[in-house]
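Colleague: One structure, pasted below without further comment.
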Amino acid sequence: MILILLGPPGIGKGTQASVLSDILKINHIATGDIFRKNFKENTELGILIKKIIAQGLLVPDDITNQMIADYLSKDIATKDFLLDGFPRNVLQARFLDDFFKNSHLFLTKVIYFNAGTQDLMKRIVGRRICPECGKVYHIENIPPKTPGICDKDQKTLIQREDDKPETFLKRLKVFNQETLPLVQYYREQNQLFEVDGMQNIDQVTKMILEVLETDRK
């Protein structure tokens, strides 16, 4: 089984990726983790990407594609995984199609988590994180027992720069320009399943598992 998760920033892809990978017993492959691994190990690609980022430039598709391909080639033995954070545009999707074809792999489903801008904004700006343990709260939906304080280690909660309204809107603009066209790309391939990402976690998971089970029949 191979799944791809798509959705705007703040929709909860990472949370669903963790839940689904545990239930389905498949690997959760997050692009951010692959980048950090290459940085930490000072690989040739990792060093190159660091230089590009240091110049304030975007990492070219061909370099990102190569990093993903290298990782998947080493981890291909299981042939069961979930991609979170890749592809980000149609060119990357076409590269991935070719990679799957050459590796005799078959994409099971693309899950697209949809939501309106205002709903996303409300979710994002209310998010708070513990700088010590990383636990995520929301001032309305998942509040700590004591306002502004982590339940676990009593540290003062913070709001990430990415979660501030002006930063979020910039990230959303990039998503709409680059990643949103992927929805139509995969819809035309009859591989897309769209789900309301603003439902609670259990509801979203249930809907995804149901459509995957239907596809198996």
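Positions of Cβ are set from backbone N, Cα and C atoms, glycine also.
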Colleague: Scan 30-59, 180-209 against Swiss-Prot and say which stretch is down as region 'NMP'.
Modeller: 30-59
Colleague: Have a look through R127, R216 and flag the one Swiss-Prot assigns to the ATP site that G10, I11, G12, K13, G14, T15, V136, Y137, Q199 belong to.
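Modeller: Looking at R127, R216, the one Swiss-Prot places in the ATP site next to G10, I11, G12, K13, G14, T15, V136, Y137, Q199 is R127.
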Colleague: Which secondary structure state does DSSP assign to G14 (ATP binding site), in the simple three-class scheme?
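Modeller: Its secondary structure by DSSP: helix.
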Colleague: In Å, rounded, how far does the Cα of C130 (Zn(2+) binding site) sit from the Cα of V59 (AMP binding site)?
Modeller: 30
Colleague: Which residues, given as numbers and ranges, are at least 6 beyond the ends of the region 'LID' (126-163) yet have a Cβ under 8 Å from it?
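Modeller: Contacts with the region 'LID' (126-163): 9-10, 171.
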Colleague: For the region 'NMP' (30-59), jot down how many residues DSSP puts in helix, in strand and in coil.
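Modeller: Going through the region 'NMP' (30-59) residue by residue, I get 21 helix, 1 strand, 8 coil.
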